[in-house]
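Features reported for this protein in Swiss-Prot:
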type: ACT_SITE; residues: Glu316; note: active site, proton acceptor
type: BINDING; residues: Lys28, Gly97, Arg125, Gln170, Arg347, Arg388, Lys413; note: phosphoenolpyruvate binding site
type: BINDING; residues: Lys28, Ser29, Arg33, Ser168, Ser169, Gln170, Glu316, His343; note: 3-phosphoshikimate binding site
Amino acid sequence: MDHVSLSLWSAPRAQAPVDAVVTLPGSKSITNRALILAALADGPSTITGALRSRDADLMIAALRDLGIGVEEAGDPTTLRITPGPLRGGEVDCGLAGTVMRFLPPLAAMADGIVRFDGDEQARTRPLGTILEALRGLGARIEGDALPFTVTGTGSLRGGTVTIDASGSSQFVSGLLLSAAAFEEGVTVHHDGKPVPSMPHIDMTVEMLRQSGVSVTTPATGGDADTWRVAPGPVRAVDWAIEPDLSNATPFLAAAAVTGGTVSVPMWPSSTTQPGDAIRGILASMGADVTLADGVLTVRGPEKLRGIDIDLHDVGELTPTVAALAALAEGTSHLRGIAHLRGHETDRLAALADEINKLGGSVTETDDGLTIVPAELHGGQWLSYADHRMATAGAIIGLVVDGVDVDDVGTTAKTLPGFENMWIDMLESSPATPKASF
């Protein structure tokens, strides 16, 4: 896999079991959905606890360029969004899947030409599915991948479309989020292998309903693999953003691999975020996991167990789980994640390559990874401009000397300041190593 090293970060080795409380910023997935819905709303909205990361800031910049008012209200995480007539503009997607897949439907309703581009790595990410679907709904689009151009005509007909969303749930979410503003709404039917990351579609549906939009799903009497959004107003909602649970997983993994304790406050008792699945995963690997009074606490075991798990619905957790598995006793099988080959990088090949370079024993399968315990050693860990690859390297570096993570700054995609948070976690832990560590 081609990769150019940008800089090296020496992942700090834990000198003792970690013992820390880690407060996480807002969810990227919820923040960017709230921004789209606020842009389409029938009045101004306020978003509190918004994530301010590269992905979120790219979404904000794009909306501003298209004519939406987005202003900070007192602090950077509180945003006031004022809808306005959509106009032509330029959209820099960076590496953000939510930007490149959620904004084209909005752009199709602009009055003017909207040009999309992004980072070089983004030009290989699959987009043809949603762009072809939009053409079928009446949009004028040139191109099937970045860069592409949407010629907005001020409105979009909408209607019924059949797609293969087995590559990404974002194809479905992207069409649903703007569909209430389409003249006919939209009916999206999926035809293909199972859609990955279904919790993200559940998140989209829940937020649409909170905005007063009528949504019919397979779970509410609709046809199988079919989602229907009726045309109508999007109600202005004041959004309070949950912490990003997927970004919490490296810190919780730190407790698991060092036999320590990490607590994360403001953990929701009920959520559509896929990151919530880390609770059951860590428990299956031997950790003690409790959620009480909004605080999730993970206490690591003496010995971490391997795991056999289907991660199809929670694929974004794969780098964290792979790092855990590489440090566990017993073989692990991570299944149902063939779609990760189309993420920021081919995450399956990247994880196998990087763990094996450190002495690991990882084999790619058709739909996942098999990870056999092996003695790991230090070395360079490439991030492939992928934020979750970088944090996976940091996890391994907690217990393996000399792991140097390249381009750790890519974590700013969803978690700015990750390196400082990681060091703060270690510095808040006891200085005296335990004998069992």
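Placement of Cβ uses the backbone N, Cα and C atoms for every residue, glycine included.
Annotated features, which come from Swiss-Prot, shown on the structure.
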{"residue": "Lys28", "record": "phosphoenolpyruvate binding site", "Cβ contacts under 8 Å, 6 or more apart": "Leu51, Ser53, Asp55, Ala56, Thr98, Asp244, Asn247, Thr414"}
{"residue": "Ser29", "record": "3-phosphoshikimate binding site", "Cβ contacts under 8 Å, 6 or more apart": "Thr98, His200, Met203, Asp244, Gln273"}
{"residue": "Arg33", "record": "3-phosphoshikimate binding site", "Cβ contacts under 8 Å, 6 or more apart": "Thr98, Phe102, Ser173, Leu177, Met203, Thr204, Met207"}
{"residue": "Ser168", "record": "3-phosphoshikimate binding site", "Cβ contacts under 8 Å, 6 or more apart": "Gly97, Arg101, Pro126, Thr129, Pro196, Ser197, His339, Gly342"}
{"residue": "Ser169", "record": "3-phosphoshikimate binding site", "Cβ contacts under 8 Å, 6 or more apart": "Val195, Pro196, Ser197, Met198, His200, Ile201"}
{"residue": "Gln170", "record": "phosphoenolpyruvate binding site", "Cβ contacts under 8 Å, 6 or more apart": "Gly97, Thr98, Arg101, Phe102, Ile130, His200"}
{"residue": "Glu316", "record": "active site, proton acceptor", "Cβ contacts under 8 Å, 6 or more apart": "Ser197, Ser246, Pro274, Gly275, Arg388"}
{"residue": "Arg347", "record": "phosphoenolpyruvate binding site", "Cβ contacts under 8 Å, 6 or more apart": "Thr318, Pro319, Ile337, Leu340, Arg341, Asp386, Arg388, Met389"}
Cβ-Cβ neighbours of Arg388 (phosphoenolpyruvate binding site) (radius 10 Å): 31
Other C-beta atoms that fall within 10 angstroms of the C-beta of Lys413 (phosphoenolpyruvate binding site): 23
Cβ packing number for Gly97 (phosphoenolpyruvate binding site), 10 Å threshold: 24
For phosphoenolpyruvate, whose listed binding residues are Lys28, Gly97, Arg125, Gln170, Arg347, Arg388, Lys413, the greatest C-alpha pairwise distance in Å: 19
Other C-beta atoms that fall within 10 angstroms of the C-beta of Arg125 (phosphoenolpyruvate binding site): 23
